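Visitor: Below you will find the structure I want to go over with you.
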Amino acid sequence: MSAFDFDLFVIGAGSGGVRASRVAAGHGARVAVAEEYRVGGTCVIRGCVPKKMLVYGAHFAEDLHDARRFGWDVPHCALDWAALRDTVLAEVDRLNGLYQQTLDNNKVTTFHERATVTGPQEVTLASGRKVSAERILVATGAWPMVPEFEGAEHGITSNEVFHLDALPKRVVIAGGGYIANEFAGIFNEFGSTVTIVNRSDQILRGYDEQIRDRLLQISMTKGIQFRFNAPFQRIDKTESGALTVHLGSGDPIECDLVLYAIGRKPKSFDIGLETVGVEVDAIGAIKVDEQNRTNVASVYAVGDVTNRVQLTPVAIREGQAFADTVFGNTPRTVDYSCIPSAVFSHPPMAGVGLTESQARNALGTIKVYTSDFRPMKNVLAGRNERGLYKMICDATTDKVVGLHMIGPDAPEILQAAAIAVKAGLTKQDFDDTVALHPSMAEELVLMK
Ligand code: NDP
(Lines of atoms letter the chains of each structure in order from A and count residues from 1; the text may use other names and numbers.)
(Lines give C-alpha, C1' and ligand atoms only; values in the text may rest on other atoms or scores of the structure.)
Protein backbone atom coordinates (compact mmCIF):
# COMPACT_ATOMS: atom_id res chain seq x y z
CA MET A 1 0.00 0.00 0.00
CA SER A 2 1.40 3.43 -0.97
CA ALA A 3 1.84 6.01 1.75
CA PHE A 4 0.43 8.63 -0.63
CA ASP A 5 -3.14 9.44 -1.65
CA PHE A 6 -2.06 9.40 -5.32
CA ASP A 7 1.00 8.39 -7.34
CA LEU A 8 0.67 11.58 -9.41
CA PHE A 9 -1.07 14.87 -8.79
CA VAL A 10 -1.33 17.08 -11.87
CA ILE A 11 -2.08 20.80 -11.48
CA GLY A 12 -3.82 22.08 -14.60
CA ALA A 13 -6.01 20.12 -17.03
CA GLY A 14 -4.85 21.69 -20.28
CA SER A 15 -3.16 20.02 -23.24
CA GLY A 16 -0.04 18.89 -21.34
CA GLY A 17 -1.80 18.04 -18.09
CA VAL A 18 -4.60 15.97 -19.63
CA ARG A 19 -2.19 13.97 -21.80
CA ALA A 20 0.15 13.29 -18.86
CA SER A 21 -2.79 12.30 -16.61
CA ARG A 22 -4.42 9.87 -18.95
CA VAL A 23 -1.18 8.24 -20.11
CA ALA A 24 0.14 7.89 -16.54
CA ALA A 25 -3.21 6.38 -15.50
CA GLY A 26 -3.00 4.04 -18.50
CA HIS A 27 0.37 2.88 -17.17
CA GLY A 28 -1.37 1.95 -13.93
CA ALA A 29 -0.67 5.06 -11.82
CA ARG A 30 -3.28 6.45 -9.42
CA VAL A 31 -3.73 9.95 -10.81
CA ALA A 32 -5.56 13.11 -9.73
CA VAL A 33 -5.78 16.37 -11.62
CA ALA A 34 -6.91 19.76 -10.33
CA GLU A 35 -8.43 22.36 -12.68
CA GLU A 36 -9.77 25.63 -11.35
CA TYR A 37 -11.56 26.63 -14.56
CA ARG A 38 -12.55 24.23 -17.32
CA VAL A 39 -10.94 20.96 -18.42
CA GLY A 40 -9.25 21.41 -21.81
CA GLY A 41 -7.09 24.42 -20.99
CA THR A 42 -6.23 27.44 -23.10
CA CYS A 43 -6.12 25.64 -26.45
CA VAL A 44 -9.58 24.13 -26.22
CA ILE A 45 -11.42 26.67 -24.09
CA ARG A 46 -10.04 30.09 -25.06
CA GLY A 47 -7.30 29.63 -27.64
CA CYS A 48 -6.43 27.64 -30.75
CA VAL A 49 -9.74 25.83 -31.18
CA PRO A 50 -12.32 28.63 -30.80
CA LYS A 51 -9.91 30.98 -32.63
CA LYS A 52 -9.73 28.63 -35.61
CA MET A 53 -13.53 28.47 -35.70
CA LEU A 54 -13.68 32.27 -35.80
CA VAL A 55 -11.10 32.23 -38.61
CA TYR A 56 -13.37 29.90 -40.59
CA GLY A 57 -16.38 32.08 -39.77
CA ALA A 58 -14.56 35.24 -40.80
CA HIS A 59 -13.33 33.82 -44.10
CA PHE A 60 -16.90 33.57 -45.38
CA ALA A 61 -16.73 37.33 -45.92
CA GLU A 62 -14.23 36.77 -48.75
CA ASP A 63 -15.80 33.54 -49.96
CA LEU A 64 -19.26 35.11 -50.28
CA HIS A 65 -17.75 38.06 -52.11
CA ASP A 66 -15.70 35.88 -54.47
CA ALA A 67 -18.60 33.48 -55.09
CA ARG A 68 -20.24 36.08 -57.34
CA ARG A 69 -17.28 35.85 -59.72
CA PHE A 70 -17.90 32.10 -59.87
CA GLY A 71 -21.46 32.72 -61.02
CA TRP A 72 -23.32 32.47 -57.71
CA ASP A 73 -26.14 34.87 -57.11
CA VAL A 74 -25.24 35.89 -53.57
CA PRO A 75 -27.63 38.37 -52.00
CA HIS A 76 -26.39 40.92 -49.48
CA CYS A 77 -25.17 38.91 -46.49
CA ALA A 78 -24.52 40.15 -42.98
CA LEU A 79 -22.83 38.51 -40.04
CA ASP A 80 -24.84 37.60 -36.96
CA TRP A 81 -22.02 37.74 -34.42
CA ALA A 82 -24.12 36.36 -31.58
CA ALA A 83 -25.02 33.31 -33.69
CA LEU A 84 -21.39 32.60 -34.58
CA ARG A 85 -20.19 33.24 -31.03
CA ASP A 86 -22.79 30.90 -29.55
CA THR A 87 -22.06 28.14 -32.09
CA VAL A 88 -18.38 28.37 -31.26
CA LEU A 89 -18.99 28.38 -27.51
CA ALA A 90 -21.34 25.38 -27.83
CA GLU A 91 -18.57 23.47 -29.63
CA VAL A 92 -16.17 24.44 -26.85
CA ASP A 93 -18.68 23.00 -24.33
CA ARG A 94 -18.81 19.77 -26.31
CA LEU A 95 -15.01 19.45 -26.41
CA ASN A 96 -14.79 20.32 -22.72
CA GLY A 97 -17.14 17.39 -22.06
CA LEU A 98 -15.04 15.04 -24.20
CA TYR A 99 -11.86 15.99 -22.34
CA GLN A 100 -13.59 15.33 -19.02
CA GLN A 101 -14.82 11.99 -20.38
CA THR A 102 -11.26 11.03 -21.33
CA LEU A 103 -10.11 11.68 -17.76
CA ASP A 104 -13.06 9.78 -16.29
CA ASN A 105 -12.64 6.82 -18.66
CA ASN A 106 -9.01 6.56 -17.59
CA LYS A 107 -10.03 6.68 -13.92
CA VAL A 108 -8.29 9.97 -13.28
CA THR A 109 -9.80 11.78 -10.26
CA THR A 110 -10.67 15.38 -11.18
CA PHE A 111 -10.81 18.11 -8.55
CA HIS A 112 -12.65 21.11 -9.98
CA GLU A 113 -10.84 23.58 -7.80
CA ARG A 114 -7.57 25.39 -7.44
CA ALA A 115 -4.59 23.46 -6.06
CA THR A 116 -1.52 24.97 -4.43
CA VAL A 117 1.75 23.20 -3.75
CA THR A 118 2.26 23.11 0.04
CA GLY A 119 5.00 20.51 0.25
CA PRO A 120 7.31 18.56 -2.06
CA GLN A 121 4.68 15.80 -2.07
CA GLU A 122 1.59 17.69 -0.96
CA VAL A 123 -0.97 20.01 -2.51
CA THR A 124 -3.76 21.89 -0.78
CA LEU A 125 -7.05 22.38 -2.57
CA ALA A 126 -9.11 25.57 -2.41
CA SER A 127 -11.54 23.74 -0.11
CA GLY A 128 -8.69 23.33 2.40
CA ARG A 129 -8.30 19.60 1.80
CA LYS A 130 -4.71 18.41 1.74
CA VAL A 131 -3.75 15.69 -0.76
CA SER A 132 -0.47 13.80 -0.84
CA ALA A 133 1.16 12.45 -4.00
CA GLU A 134 4.45 10.75 -4.70
CA ARG A 135 4.96 13.11 -7.64
CA ILE A 136 3.49 16.46 -8.60
CA LEU A 137 3.28 17.67 -12.21
CA VAL A 138 2.78 21.41 -12.77
CA ALA A 139 0.98 22.01 -16.08
CA THR A 140 -0.63 25.37 -15.41
CA GLY A 141 0.16 26.91 -18.81
CA ALA A 142 0.60 30.60 -19.47
CA TRP A 143 -1.51 33.72 -19.02
CA PRO A 144 -1.93 36.78 -21.26
CA MET A 145 0.23 39.70 -20.23
CA VAL A 146 -1.59 42.96 -19.49
CA PRO A 147 0.46 46.14 -19.79
CA GLU A 148 0.63 48.71 -17.02
CA PHE A 149 -0.36 52.30 -17.81
CA GLU A 150 -3.20 54.65 -16.96
CA GLY A 151 -6.51 53.21 -18.16
CA ALA A 152 -5.05 49.79 -19.07
CA GLU A 153 -8.04 48.16 -17.34
CA HIS A 154 -10.25 49.26 -20.26
CA GLY A 155 -8.62 46.68 -22.55
CA ILE A 156 -9.31 42.94 -22.76
CA THR A 157 -7.18 39.89 -23.60
CA SER A 158 -7.73 36.77 -25.69
CA ASN A 159 -9.40 35.24 -22.60
CA GLU A 160 -12.38 37.55 -23.01
CA VAL A 161 -12.50 38.09 -26.76
CA PHE A 162 -14.62 35.00 -27.47
CA HIS A 163 -17.45 36.29 -25.28
CA LEU A 164 -18.08 39.79 -26.69
CA ASP A 165 -21.72 40.93 -26.48
CA ALA A 166 -21.46 42.76 -29.79
CA LEU A 167 -18.95 43.22 -32.56
CA PRO A 168 -16.85 46.33 -32.01
CA LYS A 169 -16.84 48.79 -34.93
CA ARG A 170 -13.28 49.93 -34.24
CA VAL A 171 -10.61 47.69 -32.72
CA VAL A 172 -7.08 48.51 -31.56
CA ILE A 173 -4.81 45.52 -31.02
CA ALA A 174 -1.65 45.89 -28.95
CA GLY A 175 1.22 43.67 -30.13
CA GLY A 176 2.35 42.35 -33.49
CA GLY A 177 2.60 38.62 -32.87
CA TYR A 178 0.39 35.57 -33.41
CA ILE A 179 -2.74 36.70 -31.61
CA ALA A 180 -2.58 40.26 -32.95
CA ASN A 181 -2.36 39.21 -36.58
CA GLU A 182 -4.92 36.42 -36.26
CA PHE A 183 -7.53 38.64 -34.59
CA ALA A 184 -6.73 41.56 -36.90
CA GLY A 185 -7.71 39.27 -39.78
CA ILE A 186 -10.84 38.03 -38.01
CA PHE A 187 -12.17 41.47 -37.03
CA ASN A 188 -11.25 42.96 -40.39
CA GLU A 189 -13.23 40.26 -42.23
CA PHE A 190 -16.16 40.91 -39.87
CA GLY A 191 -16.10 44.54 -41.04
CA SER A 192 -14.49 46.22 -38.03
CA THR A 193 -11.85 48.91 -38.53
CA VAL A 194 -8.63 47.42 -37.16
CA THR A 195 -5.39 49.05 -36.08
CA ILE A 196 -2.41 46.99 -34.91
CA VAL A 197 -0.16 48.97 -32.60
CA ASN A 198 3.28 47.55 -31.87
CA ARG A 199 6.16 48.75 -29.76
CA SER A 200 8.76 47.85 -32.42
CA ASP A 201 8.76 48.26 -36.19
CA GLN A 202 8.06 44.66 -37.13
CA ILE A 203 5.40 41.99 -36.89
CA LEU A 204 5.83 38.30 -36.10
CA ARG A 205 9.43 38.39 -35.05
CA GLY A 206 11.03 34.99 -35.65
CA TYR A 207 9.18 34.26 -38.89
CA ASP A 208 10.94 34.60 -42.24
CA GLU A 209 11.21 38.29 -43.17
CA GLN A 210 9.97 37.99 -46.72
CA ILE A 211 6.93 36.00 -45.65
CA ARG A 212 5.93 38.40 -42.88
CA ASP A 213 6.51 41.37 -45.18
CA ARG A 214 4.04 39.78 -47.57
CA LEU A 215 1.49 39.42 -44.76
CA LEU A 216 2.02 43.05 -43.82
CA GLN A 217 1.51 44.16 -47.41
CA ILE A 218 -1.63 42.04 -47.90
CA SER A 219 -3.05 43.09 -44.52
CA MET A 220 -2.59 46.76 -45.41
CA THR A 221 -4.24 46.19 -48.78
CA LYS A 222 -7.20 44.63 -46.98
CA GLY A 223 -7.50 47.77 -44.86
CA ILE A 224 -5.79 46.81 -41.61
CA GLN A 225 -3.85 49.77 -40.26
CA PHE A 226 -0.50 49.56 -38.51
CA ARG A 227 1.19 51.90 -36.06
CA PHE A 228 4.80 50.94 -35.36
CA ASN A 229 7.21 52.13 -32.67
CA ALA A 230 4.15 53.30 -30.81
CA PRO A 231 4.11 52.45 -27.08
CA PHE A 232 0.78 52.84 -25.28
CA GLN A 233 0.62 55.80 -22.90
CA ARG A 234 -2.94 56.00 -21.67
CA ILE A 235 -6.50 54.90 -22.45
CA ASP A 236 -9.41 57.23 -21.69
CA LYS A 237 -12.98 56.01 -21.60
CA THR A 238 -15.66 58.47 -22.66
CA GLU A 239 -19.21 58.55 -21.28
CA SER A 240 -20.50 56.81 -24.40
CA GLY A 241 -18.17 53.88 -23.70
CA ALA A 242 -15.79 54.69 -26.56
CA LEU A 243 -12.06 54.52 -25.85
CA THR A 244 -9.28 56.95 -26.78
CA VAL A 245 -5.86 55.34 -27.00
CA HIS A 246 -2.94 57.74 -26.49
CA LEU A 247 0.35 56.54 -27.92
CA GLY A 248 3.96 57.67 -27.53
CA SER A 249 3.90 58.91 -31.12
CA GLY A 250 1.24 60.13 -33.53
CA ASP A 251 -2.40 61.02 -33.01
CA PRO A 252 -4.60 59.25 -30.45
CA ILE A 253 -6.90 56.52 -31.81
CA GLU A 254 -10.63 56.36 -31.07
CA CYS A 255 -11.99 52.83 -30.78
CA ASP A 256 -14.56 50.57 -29.15
CA LEU A 257 -12.29 47.71 -28.12
CA VAL A 258 -8.64 47.38 -27.12
CA LEU A 259 -7.23 43.85 -27.27
CA TYR A 260 -3.89 43.12 -25.63
CA ALA A 261 -1.82 40.52 -27.49
CA ILE A 262 1.63 41.25 -26.12
CA GLY A 263 2.68 37.74 -25.16
CA ARG A 264 1.83 35.21 -22.48
CA LYS A 265 3.73 34.71 -19.25
CA PRO A 266 4.19 31.31 -17.57
CA LYS A 267 1.51 30.79 -14.94
CA SER A 268 3.91 29.80 -12.18
CA PHE A 269 2.78 32.49 -9.75
CA ASP A 270 0.44 32.00 -6.76
CA ILE A 271 0.67 28.20 -6.84
CA GLY A 272 3.09 27.79 -3.94
CA LEU A 273 6.21 26.87 -5.90
CA GLU A 274 8.34 29.15 -3.74
CA THR A 275 7.28 27.29 -0.59
CA VAL A 276 9.08 24.18 -1.80
CA GLY A 277 11.89 26.03 -3.59
CA VAL A 278 11.07 25.19 -7.25
CA GLU A 279 13.36 27.34 -9.39
CA VAL A 280 11.92 29.66 -12.03
CA ASP A 281 13.74 31.92 -14.50
CA ALA A 282 13.53 35.71 -14.84
CA ILE A 283 10.12 35.63 -16.55
CA GLY A 284 8.73 32.97 -14.22
CA ALA A 285 9.22 29.90 -16.42
CA ILE A 286 9.78 26.75 -14.36
CA LYS A 287 13.28 25.44 -15.00
CA VAL A 288 13.25 21.78 -16.00
CA ASP A 289 15.73 19.30 -17.46
CA GLU A 290 15.03 17.27 -20.57
CA GLN A 291 13.12 14.75 -18.45
CA ASN A 292 10.77 17.58 -17.32
CA ARG A 293 12.21 17.45 -13.77
CA THR A 294 12.51 20.59 -11.66
CA ASN A 295 15.23 21.06 -9.06
CA VAL A 296 12.84 19.47 -6.50
CA ALA A 297 13.01 15.71 -7.04
CA SER A 298 9.26 15.01 -6.75
CA VAL A 299 8.07 18.03 -8.79
CA TYR A 300 7.91 18.04 -12.61
CA ALA A 301 6.55 20.55 -15.13
CA VAL A 302 5.41 20.47 -18.78
CA GLY A 303 3.88 22.86 -21.29
CA ASP A 304 3.75 26.66 -21.44
CA VAL A 305 4.63 27.05 -17.76
CA THR A 306 8.15 25.92 -18.74
CA ASN A 307 8.22 28.33 -21.72
CA ARG A 308 10.18 26.02 -24.00
CA VAL A 309 7.99 26.30 -27.09
CA GLN A 310 4.53 27.79 -26.37
CA LEU A 311 2.56 25.48 -28.65
CA THR A 312 -0.14 22.92 -27.85
CA PRO A 313 1.38 19.94 -29.71
CA VAL A 314 4.65 20.53 -27.86
CA ALA A 315 2.92 20.52 -24.46
CA ILE A 316 1.16 17.29 -25.45
CA ARG A 317 4.46 15.65 -26.38
CA GLU A 318 6.04 16.80 -23.13
CA GLY A 319 3.10 15.37 -21.15
CA GLN A 320 3.36 12.07 -23.03
CA ALA A 321 7.15 11.87 -22.58
CA PHE A 322 6.82 12.61 -18.86
CA ALA A 323 4.20 9.90 -18.31
CA ASP A 324 5.98 7.26 -20.41
CA THR A 325 9.30 7.98 -18.72
CA VAL A 326 8.12 8.09 -15.12
CA PHE A 327 5.24 5.62 -15.15
CA GLY A 328 5.66 3.56 -18.32
CA ASN A 329 9.28 2.50 -17.96
CA THR A 330 9.93 3.92 -21.45
CA PRO A 331 12.30 6.89 -21.20
CA ARG A 332 11.42 9.56 -23.77
CA THR A 333 12.61 13.08 -24.47
CA VAL A 334 11.01 15.58 -26.83
CA ASP A 335 12.78 16.47 -30.05
CA TYR A 336 12.41 20.24 -30.44
CA SER A 337 13.93 20.43 -33.92
CA CYS A 338 11.86 21.26 -36.99
CA ILE A 339 8.62 22.13 -35.19
CA PRO A 340 6.17 23.44 -37.79
CA SER A 341 4.02 26.42 -36.81
CA ALA A 342 1.40 28.60 -38.43
CA VAL A 343 -0.27 31.95 -38.06
CA PHE A 344 -3.97 31.76 -38.94
CA SER A 345 -4.03 35.21 -40.43
CA HIS A 346 -5.88 36.15 -43.65
CA PRO A 347 -4.18 34.62 -45.61
CA PRO A 348 -2.45 32.21 -43.25
CA MET A 349 1.28 31.69 -43.09
CA ALA A 350 3.27 28.66 -41.95
CA GLY A 351 6.88 27.65 -41.57
CA VAL A 352 9.27 24.95 -40.47
CA GLY A 353 13.02 24.97 -39.91
CA LEU A 354 15.40 27.88 -40.34
CA THR A 355 14.47 31.25 -41.78
CA GLU A 356 16.73 32.70 -44.46
CA SER A 357 18.68 34.87 -42.00
CA GLN A 358 18.94 32.08 -39.40
CA ALA A 359 20.26 29.71 -42.09
CA ARG A 360 22.79 32.28 -43.32
CA ASN A 361 24.08 32.72 -39.77
CA ALA A 362 24.15 29.00 -39.02
CA LEU A 363 25.40 27.60 -42.33
CA GLY A 364 27.13 30.42 -44.21
CA THR A 365 26.38 29.31 -47.75
CA ILE A 366 22.77 28.66 -48.55
CA LYS A 367 20.52 28.55 -51.58
CA VAL A 368 17.11 30.15 -51.53
CA TYR A 369 14.31 29.15 -53.91
CA THR A 370 11.01 30.96 -54.13
CA SER A 371 7.69 30.72 -55.87
CA ASP A 372 5.68 33.93 -55.95
CA PHE A 373 2.34 33.12 -57.55
CA ARG A 374 -1.28 34.12 -57.76
CA PRO A 375 -3.46 31.15 -56.76
CA MET A 376 -5.88 30.15 -59.52
CA LYS A 377 -8.88 30.76 -57.27
CA ASN A 378 -7.69 34.31 -56.64
CA VAL A 379 -7.22 34.92 -60.36
CA LEU A 380 -10.80 33.97 -61.14
CA ALA A 381 -12.08 35.90 -58.14
CA GLY A 382 -10.24 39.00 -59.33
CA ARG A 383 -8.40 39.01 -56.02
CA ASN A 384 -4.94 40.45 -56.45
CA GLU A 385 -3.41 38.49 -53.61
CA ARG A 386 -0.25 36.52 -54.23
CA GLY A 387 1.08 33.50 -52.38
CA LEU A 388 4.76 33.15 -51.59
CA TYR A 389 6.61 29.89 -50.91
CA LYS A 390 10.23 29.90 -49.92
CA MET A 391 12.67 27.03 -49.58
CA ILE A 392 16.03 27.42 -47.83
CA CYS A 393 18.72 24.84 -48.61
CA ASP A 394 22.18 24.11 -47.29
CA ALA A 395 24.34 24.88 -50.36
CA THR A 396 26.84 22.12 -49.62
CA THR A 397 24.43 19.24 -49.00
CA ASP A 398 21.33 20.43 -50.95
CA LYS A 399 19.32 19.58 -47.80
CA VAL A 400 16.16 21.61 -47.25
CA VAL A 401 16.67 23.35 -43.89
CA GLY A 402 13.67 25.67 -43.96
CA LEU A 403 10.32 25.98 -45.69
CA HIS A 404 8.08 29.02 -45.29
CA MET A 405 4.86 29.96 -46.98
CA ILE A 406 1.96 32.36 -47.06
CA GLY A 407 -1.18 31.75 -49.04
CA PRO A 408 -4.50 29.89 -48.90
CA ASP A 409 -4.28 26.66 -46.90
CA ALA A 410 -0.57 27.20 -46.17
CA PRO A 411 -0.76 25.43 -42.76
CA GLU A 412 -2.44 22.36 -44.32
CA ILE A 413 0.22 22.15 -47.02
CA LEU A 414 3.13 22.83 -44.71
CA GLN A 415 2.22 20.07 -42.24
CA ALA A 416 2.80 17.47 -44.97
CA ALA A 417 5.93 19.15 -46.33
CA ALA A 418 7.37 19.43 -42.80
CA ILE A 419 7.72 15.62 -42.79
CA ALA A 420 10.15 15.91 -45.70
CA VAL A 421 12.11 18.70 -44.03
CA LYS A 422 12.26 16.80 -40.74
CA ALA A 423 13.40 13.69 -42.61
CA GLY A 424 16.30 15.69 -44.07
CA LEU A 425 15.29 15.45 -47.73
CA THR A 426 17.03 17.52 -50.39
CA LYS A 427 15.84 20.00 -53.00
CA GLN A 428 16.47 17.25 -55.56
CA ASP A 429 14.08 14.93 -53.66
CA PHE A 430 11.38 17.60 -53.91
CA ASP A 431 12.13 18.12 -57.63
CA ASP A 432 12.04 14.36 -58.28
CA THR A 433 8.43 14.28 -57.08
CA VAL A 434 5.93 14.77 -59.89
CA ALA A 435 3.72 17.82 -59.46
CA LEU A 436 0.07 17.32 -58.52
CA HIS A 437 -1.59 19.59 -61.01
CA PRO A 438 -3.38 21.93 -60.68
CA SER A 439 -2.77 22.71 -57.04
CA MET A 440 -1.00 25.36 -55.03
CA ALA A 441 1.12 22.72 -53.29
CA GLU A 442 2.73 21.75 -56.60
CA GLU A 443 4.78 24.94 -56.30
CA LEU A 444 6.81 23.02 -53.70
CA VAL A 445 8.28 20.75 -56.37
CA LEU A 446 8.63 23.45 -59.03
CA MET A 447 10.68 26.05 -57.18
CA LYS A 448 13.33 27.99 -58.98
P1 NDP B 1 3.72 36.92 -29.37
O2 NDP B 1 4.85 36.50 -28.53
O3 NDP B 1 3.42 36.18 -30.62
O4 NDP B 1 3.88 38.45 -29.75
C5 NDP B 1 3.99 39.42 -28.76
C6 NDP B 1 3.96 40.78 -29.42
O7 NDP B 1 3.82 41.76 -28.40
C8 NDP B 1 5.20 41.10 -30.18
O9 NDP B 1 4.84 41.82 -31.32
C10 NDP B 1 6.01 41.97 -29.21
O11 NDP B 1 6.72 42.99 -29.86
C12 NDP B 1 4.93 42.64 -28.38
N13 NDP B 1 5.32 42.80 -26.98
C14 NDP B 1 5.95 41.92 -26.19
N15 NDP B 1 6.08 42.39 -24.95
C16 NDP B 1 5.49 43.60 -24.93
C17 NDP B 1 5.29 44.59 -23.94
N18 NDP B 1 5.72 44.41 -22.70
N19 NDP B 1 4.63 45.72 -24.29
C20 NDP B 1 4.18 45.90 -25.56
N21 NDP B 1 4.34 45.00 -26.53
C22 NDP B 1 4.99 43.86 -26.23
O23 NDP B 1 2.47 36.93 -28.36
P24 NDP B 1 0.92 36.65 -28.52
O25 NDP B 1 0.30 37.24 -27.32
O26 NDP B 1 0.44 37.04 -29.86
O27 NDP B 1 0.84 35.06 -28.43
C28 NDP B 1 1.37 34.40 -27.28
C29 NDP B 1 1.87 33.03 -27.65
O30 NDP B 1 0.77 32.17 -27.86
C31 NDP B 1 2.66 32.98 -28.94
O32 NDP B 1 4.01 33.26 -28.75
C33 NDP B 1 2.45 31.57 -29.40
O34 NDP B 1 3.42 30.73 -28.82
C35 NDP B 1 1.08 31.22 -28.86
N36 NDP B 1 0.06 31.30 -29.95
C37 NDP B 1 0.20 30.47 -31.03
C38 NDP B 1 -0.71 30.53 -32.06
C39 NDP B 1 -0.54 29.62 -33.23
O40 NDP B 1 0.22 28.66 -33.14
N41 NDP B 1 -1.17 29.90 -34.37
C42 NDP B 1 -1.85 31.46 -32.04
C43 NDP B 1 -1.88 32.30 -30.87
C44 NDP B 1 -0.95 32.22 -29.88
P45 NDP B 1 8.16 42.85 -30.57
O46 NDP B 1 8.28 41.44 -31.06
O47 NDP B 1 8.09 43.84 -31.65
O48 NDP B 1 9.13 43.16 -29.51
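Each Cβ is built from the backbone N, Cα and C atoms, and glycine gets one as well.
Fair warning: this is a prediction, and the values are worked out from it, not measured in the lab.
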Visitor: Gly175, Gly176, Gly177, Tyr178, Ile179, Ala180, Asn181, Glu182 bind NAD(+) according to TrEMBL; which of Gly97, Gly263, Gly272, Gly277 goes with them?
Guide: Gly263
Visitor: Between Cys43, Cys77, which residue forms the disulfide that TrEMBL gives for Cys48?
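Guide: Partner cysteine, according to TrEMBL: Cys43.
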Visitor: DSSP on the domain 'Pyridine nucleotide-disulphide oxidoreductase dimerisation' (339-446): how many residues come out helix, how many strand, how many coil?
Guide: 38 helix, 33 strand, 37 coil
Visitor: Among all protein chains shown, how many Cβ atoms are found within 10 Å of the Cβ of Ile179 (NAD(+) binding site), not counting that one?
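Guide: Step by step: centre on the Cβ of Ile179 (NAD(+) binding site), count other Cβ atoms within 10 Å, giving 24.
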Visitor: Anything from the recorded positions Gly177, Ile179, Gly263, His437 with its Cβ under 6 A from ligand 1? List those in sequence order.
Guide: Gly177, Ile179, Gly263
Visitor: Including all protein chains displayed, how many Cβ atoms other than that of Cys43 (disulfide bond) lie within 10 Å of its Cβ?
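Guide: Other Cβ atoms within 10 Å of Cys43 (disulfide bond): 23.
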Visitor: Any idea which of the recorded positions Lys52, His437 has the thinnest Cβ neighbourhood at 10 Å?
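Guide: Among the recorded positions Lys52, His437, the sparsest Cβ neighbourhood within 10 Å belongs to His437.
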